[in-house]
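Visitor: Have a look at this one.
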Amino acid sequence: MGARASILRGGKLDAWERIKLKPGGKKHYMMKHLVWASRELERFALDPGLLETSEGCKQIMKQLQPALQTGTKELISLHNTVATLYCVHEKIDVRDTKEALDKIKEEQNKSQQKTQQAEAADKGKVSQNYPIVQNLQGQMVHQPISARTLNAWVKVVEEKAFSPEVIPMFTALSEGATPQDLNTMLNTVGGHQAAMQMLKDTINEEAAEWDRLHPVHAGPVAPGQMREPRGSDIAGTTSTLQEQITWMTNNPPVPVGDIYKRWIILGLNKIVRMYSPVSILDIKQGPKEPFRDYVDRFFKTLRAEQATQDVKNWMTDTLLVQNANPDCKTILRALGPGASLEEMMTACQGVGGPGHKARVLAEAMSKVNNTNIMMQRSNCKGPKRTIKCFNCGKEGHLARNCRAPRKKGCWKCGKEGHQVKDCTERQANFFRENLAFPQGEARKSSSEQNRANSPTRRELQVWGRDNNSLSEAGDDRQGTALNFPQITLWQRPLVNIKVGGQLKEALLDTGADDTVLEEIKLPGNWKPKMIGGIGGFIKVRQYDQILIEICGKKAIGTVLVGPTPVNIIGRNMLTQLGCTLNFPISPIETVPVKLKPGMDGPKVKQWLLTEEKIKALTAICDEMEREGKITKIGPENPYNTPVFAIKKKDSTKWRKLVDFRELNKRTWDFWEVQLGIPHPAGLKKKKSVTVLDVGDAYFSVPLDEGFRKYTAFTIPSINNETPGIRYQYNVLPQGWKGSPSIFQSSTTKILEPFRAQNPEIIIYQYMDDLYVGSDLEIGQHRAKIEELREHLLKWGFTTPDKKHQKEPPFLWMGYELHPDKWTVQPIQLPEKDSWTVNDIQKLVGKLNWASQIYPGIKVRQLCKLLRGAKALTDIVPLTEEAELELAENREILKEPVHGVYYDPSKDLIAEIQKQGQNQWTYQIYQEPFKNLKTGKYAKMRTAHTNDVRQLTEAVQKIALESIIIWGKTPKFRLPIQKETWEAWWTDYWQATWIPEWEFVNTPPLVKLWYQLEKEPIAGAETFYVDGAANREIKMGKAGYVTDRGRQKIVSITETTNQKTELQAIQLALQDSGSEVNIVTDSQYALGIIQAQPDKSESELVNQIIEQLIKKERVYLSWVPAHKGIGGNEQVDKLVSSGIRKVLFLDGINKAQEEHEKYHSNWRAMASEFNLPPIVAKEIVASCDKCQLKGEATHGQVDCSPGIWQLDCTHLEGKIILVAVHVASGYIEAEVIPAETGQETAYFILKLAGRWPVKVIHTDNGSNFISNTVKAACWWAGIQQEFGIPYNPQSQGVVESMNKELKKIIGQVRDQAEHLKTAVQMAVFIHNFKRKGGIGGYSAGERIIDIIATDIQTKELQKQIMKIQNFRVYYRDSRDPIWKGPAKLLWKGEGAVVLQDNSDIKVVPRRKVKIIKDYGKQMAGADCMASRQDED
């Protein structure tokens, strides 16, 4: 204790002992806490001397802080003690531990802010905003986004389909990008238009919000000063690239790129939530799920979380363990908080589920009954063996039970002076009998240090160097290797050896440590030795430095001579010879495969097969079994998949097929390694070319051993003569969904080293087809091809000579390749009198294939023939248009057309032509009349479109195709005037992409047939249109009202809401002049017409298009649905004049009947009968009884839920006692016979029996101050308060309600004979038929809500300590970064209240993640306090 007493002295020690352990506590810090802290520091391998200075304390806290979240109570207590000691050293005045922690946190925040400001100042000095870079002249220059980046982005979207990984990938790829670059990235996404529309909406919202928060300054911009960017400037629509660069590099800068990027990320977050709504909190390990798979899913989702790195680290430390299954969680917690991910995965390997429990049980059993002894003799068929005595050599008993005299010396080594239990020598164990070492340890020989790392092969192969270099053979084998005999293991590897000049036959045994020979005379001295052998121990003579010659190779080492049943060459000699075990069938690593979670393998019965098919399948399977591709299995495998056979095309041979459809449904999904096939137009011209084919491709790759059982199939016997023969696959089966992906992945890994060693060789790989090109001379090229074939053969992949193409033309992937040109393989279109659906499908497929090099191919009319549900064998008559189209295609295909190869030094040019009937054709070339490839486009992505939109879609398709094939986009030549294009594109900048392009005058030119105005047309008539339909009876109405008093309503049958909205617009266009303004509330109709279609699949939309073309000018606008929102009086008139009013007629009658009975206010009727507010107010206004003094206004008084005000009022000479619940305005009232204390007390007790009454507030009337009332209040536990005499405001609520009650009584008095009846009717109307005030509730609904809320509040307050155990991570405002952890103060249905540092915030529930903090049960200094309480 004295050793650390010098940490504090004098005044500092006094200050230390004045500080309390926790706020409001009695205990103070003492000297013993310093001693405890110094000892704890030694436990954590920290120098206790650091406690003597404030700098040392700061270093300790820096070390401890990362572990606080998951640390023990002792660790947190140590941190709190050091923090308090730091404040004492720094002379910071604190009263307790919590205050010390707050002071340190405040100091750290200030330090962090200074660091960030310094970094920001450094960044401001130079432009960090790549791709904006500074050139030699000091100017800021923009480098356009590269084709490689665009290609990577397109692949990400296509492969991931807006899964969470898309956001970090976008963030990484768009680092420092300008808005123009970001738009280029977005617009390369050709598909996913729904997602792009969502993104566009988000950007528009953010741009509008920017404009609202950054209003334009009045007056002109000063000379030399940049204008401030608007929302559309940031989005890149109304700003130039130079303006964007200037804003980004100005002083001070406006980072328009980063702002726009933030908007896009907000939109991408919405899209990701829609496409894959997975939170990190939802990632939990299944009971049988391997820990590795769980970790993969966890980190995949964690990468997509928008949170700081500190938060992600916390999630990894806490959630990864917290959400593991119980088996893994037990192991992980035992590892402790500092375990690395590698340690976790190693510890949890193979853990989980029944299999794990079975292994644990088996392990326990094996320790009890160790039967892991392998016998060498071939007649031993199991672990059972005959026991033999080591003492006398007889069988049937053990040495410890032997009655014979005990042999002298040790039974293990034969030496005297010790027993076997004390023997230190290790046995030879060359027969792998685990007599001395139950765990199976093998003896290490002296030559074991020279052992080579053997590659895994399935045959014994001897490698070596020079025959004469004996020492090098044993010590240094790094030289060039020579091939020696390969010995298969189908039989025992016996070889002839020469030892001591004598020839012997010996067994090469890689499991034996030593070389043991039968009785043979050897030169030199020997020493006795005892080794473990068959049937016990045998005595041998040990000769050192003996020369042995095996297969022409020589080795020197130790040889044991004794009564061995077979000569053994052990590893001490084999390693010197360089002998290795090799596996030529399949050295490829297997890819682990599993079934989908919760699914079992297929159990489909075998179909009936004919005799010839059974014989054919039997022969095929026998051959496959001999080759090791399949293995026979027994009845223990419960799975089955049907198998059948078909004859090969143009052959008498049979082909085996397995119907893996059921297994494919149950197998987990694979990512396709390649998105499509390589295209010859992307090939660079090469001097020498070869095309290879991998033989039996799938059968060269092994299948995961654990998955093989699911591929089981059965070959039945004829007439069920015998049980069916059962097999399972050892290799990738044909027809299984995983085979293509695993094969492609395996082939890529195999080719990787060859590609790295031969960068001058280009290899295009698709499935089993290989294109190999180089600029080498033909001789050198063919030598490299042989190297490649040998490389593939080493891995078990053969390349048959019959498919080895050495001379052009090369047939590859359906193409025909020549040295300087390419084409598709010859296409013959069939001549038929009648065409089936299947024939036309094949015909369209051939024409589509030909269209990539033959320009002008069309298939639209042929495809129309296939519309509708038709059987494949149905006869389809060709229409006149289809026959014409087919004849044109035949003409095109008559002349062979060739494409050229790609030259990287030249630009790509794409030219598009319109063919009519929504069909387009295009050519991509680098030199005129030398096409790289051609194609067509004929899709209608929407039901309503126009030529400009179709042209932009074709441009997108070509650009995407170009990025995939060449990695860059071409320059476009388009048949459209620049003015026409820009007029349409202005409103669709986000949906389409504008590449570099130029006008080409190739008729027919594309044009817009009409254009909508941007602003209302002055002087033109305005039509307010609307439509509505009943879904059940399909009846509807459409109509309009104009600002000039005209109106029209038509009834429509068999219609929908959307059709009536369009019908209303059609009526307005039909009845209007050449110029018209139209206002609609339908986003559907607005979206169709604003896209300016000139053709549609809808007849009604075509009629609207015809009307629009006839008009000179049209303005179309949208307002929210016709409910008076935004003060649109004209739309309200439309509602009340016909269209909407028709829909409310039934409700109006019911509301009027209700009002005549109860005189409900307008809010109650609007809510109950779904009336527009204007209609409900009109009903109240037309009631003479409700217009005496206008409608009473109600307010909310901020009072406790248990407070009531009581008062007596008089009407018709009678006394009415009224009680009002202050918080809700709810009334209880009764006519009482007399204003006495007895009657009042009785009323109070009835009130207390119905509602929770805590306080009653009355005036000083004689009945209220009577002893009877006081006694009733005392008994019921009610506190009574009195108002101020002669001041009616102190009873304001009940006084107001008295007037309201009398007014309602006046409205219903004629409906009741007695006053007491009218009073109860008025109470009912007030409590349940009048809505208003906070929440728009009635008083009855409000009091129930307030009481229920009060109960919930009290229950939640009881759990406040539990709530404080939770931590909250939240997003603030529009910032996508997660903040936290913060302290949870309150959790409601819609929002939570949290405390972050000293700030208390209310955050919507959808923007928070609430997580239990398992690391510490008590916060702050409590841990320290509890620790000290134990002392």
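Glycine is no exception: its Cβ is also placed from the backbone N, Cα and C atoms.
Sharing the record's features from Swiss-Prot:
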- 7-31: region 'Interaction with Gp41' (REGION)
- 8-43: region 'Interaction with host CALM1' (REGION)
- 12-19: region 'Interaction with host AP3D1' (REGION)
- 16-22: motif 'Nuclear export signal' (MOTIF)
- 73-77: region 'Interaction with membrane phosphatidylinositol 4,5-bisphosphate' (REGION)
- 106-126: region 'Disordered' (REGION)
- 187-225: region 'Interaction with human PPIA/CYPA and NUP153' (REGION)
- 275-361: region 'Dimerization/Multimerization of capsid protein p24' (REGION)
- 437-461: region 'Disordered' (REGION)
- 485-489: region 'Dimerization of protease' (REGION)
- 533-539: region 'Dimerization of protease' (REGION)
- 572-584: region 'Dimerization of protease' (REGION)
- ASP693, ASP768, ASP769: Mg(2+) 1 binding site (BINDING)
- 810-818: region 'RT 'primer grip'' (REGION)
- 981-997: motif 'Tryptophan repeat motif' (MOTIF)
- TRP984: site 'Essential for RT p66/p51 heterodimerization' (SITE)
- TRP997: site 'Essential for RT p66/p51 heterodimerization' (SITE)
- ASP1026, GLU1061, ASP1081, ASP1132: Mg(2+) 2 binding site (BINDING)
- HIS1155, HIS1159, CYS1183, CYS1186: Zn(2+) binding site (BINDING)
Visitor: Other than its own, how many Cβ atoms are within 10 Å of the Cβ belonging to HIS1155 (Zn(2+) binding site)?
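Guide: HIS1155 (Zn(2+) binding site) is surrounded by 22 other Cβ atoms within 10 Å.
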Visitor: Where does GLU1061 (Mg(2+) 2 binding site) sit in DSSP terms: helix, strand, or coil?
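Guide: Going by the DSSP assignment, GLU1061 (Mg(2+) 2 binding site) falls within a helical segment, counted as helix.
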Visitor: Per DSSP, how many helix, strand and coil residues does the region 'Interaction with host CALM1' (8-43) have?
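Guide: Taking each residue of the region 'Interaction with host CALM1' (8-43) in turn, the totals are 22 helix, 2 strand, 12 coil.
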Visitor: For CYS1183 (Zn(2+) binding site), write down the residues of its own chain that are at least 6 apart in sequence and whose Cβ falls under 8 Å from its Cβ; none is a fine answer.
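Guide: Long-range Cβ contacts: HIS1155, GLU1156, HIS1159.
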Visitor: So what pLDDT does the region 'Interaction with human PPIA/CYPA and NUP153' (187-225) average out to?
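Guide: Across the residues of the region 'Interaction with human PPIA/CYPA and NUP153' (187-225) the model's pLDDT averages 80 on the 0 to 100 scale.
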Visitor: Whose Cβ, among the binding-site residues ASP693, GLU1061, has more other Cβ atoms within 10 Å than any of the rest?
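Guide: Ranked by Cβ atoms within 10 Å, first place goes to GLU1061.
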Visitor: Sort out for me which one of ASP768, ASP769, ASP1026, ASP1081 has the most neighbouring CB atoms within 10 A, since those are the binding-site residues we care about.
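Guide: Compared across ASP768, ASP769, ASP1026, ASP1081, the most Cβ atoms within 10 Å surround ASP1026.
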Visitor: Using DSSP and three states only, what is ASP1026 (Mg(2+) 2 binding site)?
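Guide: DSSP assigns ASP1026 (Mg(2+) 2 binding site) to strand.
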Visitor: Compute the C-alpha separation of ASP1026 (Mg(2+) 2 binding site) from ASP693 (Mg(2+) 1 binding site), stating it in Å without decimals.
Guide: 67
Visitor: Can you grab the distance from ASP1081 (Mg(2+) 2 binding site) over to ASP693 (Mg(2+) 1 binding site)? Cα atoms, rounded to a whole Å.
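Guide: If we compare the Cα positions of ASP1081 (Mg(2+) 2 binding site) and ASP693 (Mg(2+) 1 binding site), the gap is 63 Å.
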Visitor: Between GLU1061 (Mg(2+) 2 binding site) and ASP693 (Mg(2+) 1 binding site), what C-alpha distance do you get in Å?
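Guide: Distance (Cα to Cα, whole Å): 62 Å.
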Visitor: If H, G and I count as helix, E and B as strand, and all else as coil, what does DSSP give for ASP769 (Mg(2+) 1 binding site)?
Guide: strand
Visitor: Using DSSP, how many residues in the region 'Interaction with human PPIA/CYPA and NUP153' (187-225) fall into helix, strand and coil?
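Guide: Going by DSSP assignments, the region 'Interaction with human PPIA/CYPA and NUP153' (187-225) contains 22 helix, 0 strand, 17 coil.
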Visitor: Please report the three-state DSSP label of HIS1155 (Zn(2+) binding site).
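Guide: SS state of HIS1155 (Zn(2+) binding site) = helix.
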Visitor: Count the residues of the region 'Interaction with membrane phosphatidylinositol 4,5-bisphosphate' (73-77) that DSSP assigns to helix (H, G, I), to strand (E, B) and to coil, and report the three numbers in that order.
Guide: 5 helix, 0 strand, 0 coil
